[in-house]
Amino acid sequence: MSNPCQKEACAIQGYCLLSHQYDDAKCAKVIDQLYICCSKFYKDNGKDSRSPCCPLPSLLELKMKQRKLTPGDS
């Protein structure tokens with residue numbers, strides 16, 4: 001697995017942000033999908049695993065809490 005969650009990360013920058021003139025509020029659902037993917041990645045591979053597409057586990061946990069997301073959301 002070379003870059004877990006790359007599809008979700010690219011959807012944010014490559015499509016959503018460009019389409020909405022970099023207004024991240026309009027991309028909330030796509031950003032949530034990335035965070036959920038990253039949460040699953042860390043759950044499956046351990047918190048010492050890394051992906052250039054995912055924030056570090058401690059930051060991811062904070063972001064998910066701020067957005068009221070749980071790892072089982074989809």
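Note: Cβ is positioned from N, Cα and C throughout, glycine not excepted.
Among the candidates Cys16, Cys38, the disulfide partner that Swiss-Prot records for Cys27 is Cys16. The distance from the Cα of Cys16 (disulfide bond) to the Cα of Cys5 (disulfide bond) comes to 16 Å. Here the domain 'CHCH' (2-45) is broken down by DSSP into helix, strand and coil counts: 36 helix, 0 strand, 8 coil. If you draw a 10 Å sphere around the CB of Cys16 (disulfide bond), it holds 19 other CB atoms from the protein chains shown.
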